[in-house]
């Protein structure tokens, strides 16, 4: 194994591919008990790890990992492998090979996310259900060129091995990726393609250059991009897989001789086109539909005229519409880019999207049935217009072709009417065909793009086909998919087990054949062999009258009980019906054969196909061109539809042909298998279900593959190749210089190598190796080569160094020589003679040098010329060479293509020969059958002639019967009451039938072909046999049959009375009779030939029997009609019952709503008006339905009487036949011998005929039963009618009661309104006081604790206060002076604040009114709220008004009730609309309710404040009681309080009574409010938070103000004058409290939390009473001390009263202003939100307007373009006119016409058309003149006329187009005007809202500023009050001290 350093090349994928070194070392060192460590069988986990505890007598006791101890048999335990084999990469290397070892190895590797594992010769992969980093580019690079044993298991390793085998073995390879659906086949296929596309170009200097204008990406990019495109159109979500391939594909990647990527092609199989129109609930259609609707490319939505909601399209919304693991938006981008990379033109790309959109629109096309016809007609044309537009078709032609297709009858075409269901089936078939042909065409285009014409030598095929599928509903598609997997599994088994072992025997290796039990031939033969499932299916498709039932019967007859793989499924509850089961290798699958014949024949509407062929969309016309399916062009085996022509090739036949071609391709390659496994059914990463994985391992033959890999010799190599490759291991073993056989050489070579010699065997042509040995030899070879190369490198390096050393020595010697010469030269350089030599030497050679230079120049010029010539020749030769090479390549490609074509032609020839043989055999069969039919036909013709003679005689009798029947019908019409007497008449008829039974038996024996009348025939035969008493044996037989018939008759009579209600059994028996009829028809044909020897009298009886049979058939037809009518009546009755129950429930709901009339609105009044009209219409419809039911009952009675009359007619015929037969009795005696021989045959058919007779009688009884049931239905309807009248009266009474209740409520409402107004006023006053006190609280909060301590000290010092009171007089006077000054200043400030607050209040009120007017404009019914938004009871008044209106309408409710019952369905729609309006109005009511809740919150706050005030008042009274002088005044206060208490108690009692009276009404209102509240809560959450925050702030302010007020009161308690003021305050507080309580009780009645508030009020009253009791206790103390402080208190009280009044006024104004500010802020916020909403609407409308304007501009541009085109036409016309000088006038007219078109579009059509016509007339007249004058110009004039006509047509087209554009422009202009008007209105509203908002904001800021100033002034006043309070305490202290 590789070390961690070596695994580093895999990057972050290393831990997901192989165990680390640390883990391997730990596994090797882990203790292991080989004897006791075992796997044991477990019921839940299949196998669990255990430890052996003991072994006894074949039993083993083990302890599992879970700690449980079990005892099992010896054969139920399996030894565990040592720890070093944990997570082993190749399971073939394990010591103990068995199921648990394989299972746990896979499980442990899966837990470590090692999803790939070798299993002998193939690879097993487990779906991880998550992304793992094992496919990164560095992983691809790491696997390139690695041997299998050198790298961890991976799909890249399999791919690289296949690539290397292709290069070394020169053999085509294939990779078969198989497994069940959802196992990960598609992902692994993509990785294989990714690997080949990467390695095949890695290392190249440049990539393949794309052909200009054809490709937009390189070849490898296109190969990779083909996958997302095919996945988008061919993959879908299934139950088991979110990205399941719904088609199979075989991708061949072609390589050149050097391994370079050359080209690729794709073959597809079995596209599941039914998914286009139908999906199961947990599945969805193909990804492309949802990608388009993801809105990632909005231009597609606009182009395809679709929406982004899949539920708007029926074809794609039957299951799920989203997949969590798939991002449809990103996938759309990938798909779109793949289309571009693959070189699709823009038109082709648009066509793909348009056809996909057209398929979606097909699913929305609606059709309905014409009245009184079964013919279908379109139900709206909007969808059809869209679909036709996308397909460039005419919408009317498309609808006409769908509803009235033309079919060929003989040599003529006739128009055929279609039913609604037939039209829907046709639309679905067309949608599926378009999608399938488009998909196959895309594959063809992809193949064309991937075919680069480069030389290719080998290919690697990758097979990815749909996995084995077992659904709840399995159809023909599942059978084809499962059959394909069966064939692939058989191929795997055959390759792994059979071929492997056969090759051993062929090579002469000693081998004992092992049967692994993996043969799947039985199932395959059951499906594909002659008389198999496909064969029977194709045979049934040849017969026009074949049905699914006949197909099922043939399957049962041929295979049920004869083949173990064919079973009859057991019916399962909750699952779809199954007709047969097949035992596949992966499990038993139940198949439903519904619709198989149509799917196999794949019929299409030929008329619509003809439209497709003429479509303006080239792609669509190409798909349906020439009646050939697109798959014929795709070049690959594809599923496709049927092929037109004589062969009538079905879907199953084409599928088998393609499958056989695929198997042939696979057999010609060297396969590599990859087995994909599903770990669990829940798609949970890391979880593995043992039983599921074991099942797949067993089915896939994984264990058997490992065993044969271990036992067999999976590696083999030819002797010559082995000798050539491995000779290097021991070259001395093979002698040099002499010939030696390759086999002997291989034997010597292997014998001389140090290996295990039992691991290989020698065959005749190959040497075979066990697994792993060849890898060992490769390693030895690599080591040997490394040694040899090392030695070679050493020798080479030594040689090179010796050469280099020699050169170095030579250079050394040269250097020495040069140095010697230089030294010598330096010595003689200055010698005079040497100088002279230097001067003379050049002169001696200068002349020779000049000559040489001249010669050299000449030679240079010549050489230059020759070089130029040679260069030119070289270039010419190079060009020729390039051309020749190109021709050579072209010829090679041509030869290769011709060879491929020849091979394909040979294959087709073979197939045609096979087909010819099959067809010849079929022709022989058909010919023989035709001859038999001709013989039978001849016989029947002769019989027919005889029967026609007899028919003439019988017609007279029939006429008489018809006259009788007419009389009976007249009597029946006259007396309908005879229906009740039918039982008596039937009894009489039964007696008549009993008399004629014998005659029926005679006819029955004579004619077996008369199914329903054979009973009478047998009776006749029995009568004849009784007459022949001389023949004893025959008489005994006939008497026995007579007795049986009598018993049968008695049984039939009893059964007739018992089976009156068995309608379902009768229907089943009718089906059986029809089946028996078909069988009897065939038998009767044979019997007719046997009866040919009977005399002419029997033939007469046959004629009579034929007439009777016709009558019986007519009766059966009438019975069926009666049954259909009864079923229709039942359906109508059920519908009426349903409507009645729905209306009853609706009435109950309405009655409940009427009881809750308090919440009714004006919208409900309008809804009631509508319902009144609908109710009247419903009453009329009900009466019409009643009349119709009565008429239907009368019709049924009439038809029943007709059937009875016809039976009487048959009886009369039988009587006449009886008379005739009695006359011929003597003649028939001679024929009894012949008849006796036929008795046995007749008796066999007797049972079937008896059953037929019983069926007829049952049908007769059923008719009676149905008639009685119809009468009972009429009675029930009458009872219902009476009951409805009763209910109507009851409702009238209830309405009267409601009216009285409403009037009472109205009176109560007025009282409540007054009370609520009073409450509102009081609340405002208290709110003002709270806000004023809030400011004081802020400044006094820090003194609160101190004041409380001082208060306690003051209570302790009460006695001292009395002594110090006298001393404080002087200080009190001083304090009074300061206090007066402060009070005056504070009064002025408060007056100023009051003015500002009044101004702010007025502005706030104006703002509220503006906002209310905005709100009221939303609905007409809210107009009354414009000036009353501030009033909290506005909505209650409006509801009461609506209630009063409803009371008035209630009086006419009886009429409304009847009308509602007839118009229930329409009423539901209106009800929903009215409910929406009611919810809108309830929203407004809820807003008012929120305001109420706010007021209640304020009320609760006030109550708490009042409680605190009362507590503090009690404290004050305790302090005041120290005065003790005013006890009498306090007693008066007590009396007054008692009086107020009694008044409050009375008010509370009155409130409780009125509360109980109104409680029911409020509860009902609360229910409606609660319903509305849930919808509005989320909208007002933000506002509620703001309001709550403001409430909390106000509460804190109020509390602080209250504490401040308490401190003020305590500071003034020292003065006796404060006492009376405090008493006055107390009285005022009590009065306000009483008013507040009464108002709270009244408000509680209208709100949800009324009772709670009432309890709070009661508690408040109790607190007041307790406060009064406290006051009583303090009276004595107050009286004793009051006299001392009276004088001072009076003076202080006067000043304090004045200040207090000013303070209260200012506080009320301040509080009122704060409340107004808050309301203003809230209204302003809502107004801003409204403004934002309006701005958003305006922006949206502006966007829409811009789009519309843009469309108008486009239309104008089109019009201009049309004008331009018209101008061009005129110019062309002018050119034509120039050919003759006489056409100049026409030219001017046309030019003038074109100019007019340019200036006025409206007049373009008329001017161009009229001008064109006039010019044509003039031109034709002029041409006739010119023909006589100028013969030479005749040809040109004719051409001019032709051109003029052409231009005339184009001008007409342009004028028509111009007119259409003009209309569009006008329509768009109108729409633009309307939208502009709306925009202007919105703008005005927005501007008004903005102005109002700005005004309100300014007012708000101003008021806020004033409020801040008032607060500052209040703070100053409070500080002064605090100073006075301190001084008051000092005075108080002094007074106490003095006392």
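Heads up, the Cβ atoms here are built off N, Cα and C, so glycines get one too.
As recorded in Swiss-Prot, the features of this protein are as follows:
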- 179, 180, 181, 182, 183, 184, 185, 186: ATP binding site (BINDING)
- 843-1939: coiled coil (COILED)
- 1128-1147: compositional bias 'Basic and acidic residues' (COMPBIAS)
- 33-82: domain 'Myosin N-terminal SH3-like' (DOMAIN)
- 86-782: domain 'Myosin motor' (DOMAIN)
- 785-814: domain 'IQ' (DOMAIN)
- 424: phosphotyrosine (MOD_RES)
- 757: pros-methylhistidine (MOD_RES)
- 1096: phosphoserine (MOD_RES)
- 1237: phosphoserine (MOD_RES)
- 1241: phosphothreonine (MOD_RES)
- 1286: phosphothreonine (MOD_RES)
- 1303: phosphoserine (MOD_RES)
- 1306: phosphoserine (MOD_RES)
- 1467: phosphothreonine (MOD_RES)
- 1495: phosphoserine (MOD_RES)
- 1514: phosphoserine (MOD_RES)
- 1736: phosphothreonine (MOD_RES)
For the ATP site built from 179, 180, 181, 182, 183, 184, 185, 186, further residues of that chain with CB within 8 A of the site's CB center: 127, 241, 244, 467, 676, 678
Confidence summary for the domain 'Myosin N-terminal SH3-like' (33-82), mean pLDDT rounded: 89
Same-chain residues near the domain 'IQ' (785-814), Cβ under 8 Å, at least 6 residues beyond its ends: 728
DSSP residue counts for the compositional bias 'Basic and acidic residues' (1128-1147), split into helix, strand and coil: 20 helix, 0 strand, 0 coil
Set of same-chain residues at least 6 away whose C-beta sits under 8 angstroms from residue 184 (ATP binding site): 125, 127, 676
Distance [Cα-Cα, Å, rounded] between residue 1736 (phosphothreonine) and residue 179 (ATP binding site): 55
Other C-beta atoms that fall within 10 angstroms of the C-beta of residue 179 (ATP binding site): 24
Residue 424 (phosphotyrosine) and residue 186 (ATP binding site), Cα-Cα, nearest whole angstrom: 34
In three-state DSSP terms, the structure that residue 179 (ATP binding site) belongs to: strand
Cα proximity to residue 1286 (phosphothreonine), best match among recorded positions 180, 185, 424, 757: 424
Rounded distance in angstrom between the Cα atoms of residue 182 (ATP binding site) and residue 424 (phosphotyrosine): 33
Residue from 179, 180, 181, 183, 185 whose C-alpha is spatially nearest that of residue 424 (phosphotyrosine), among the binding-site residues: 181
Intrachain C-beta neighbours of residue 757 (pros-methylhistidine), sequence separation six or more, cut-off 8 angstroms: 750, 751
The domain 'IQ' (785-814) - residue tally per DSSP class, helix then strand then coil: 30 helix, 0 strand, 0 coil
Secondary structure of residue 184 (ATP binding site) (DSSP, helix/strand/coil): coil
DSSP-derived structure type at residue 1286 (phosphothreonine), helix or strand or else coil: helix
Counts by DSSP class (helix H/G/I, strand E/B, coil) across the domain 'Myosin N-terminal SH3-like' (33-82): 3 helix, 31 strand, 16 coil
Least surrounded among the recorded positions, given as 182, 424, 1286, when other CB atoms within 10 Å are counted: 1286
Sequence-distant neighbours of residue 181 (ATP binding site) in its chain (C-beta under 8 A, six or more apart): 238, 240, 241, 244, 466, 467, 468, 469
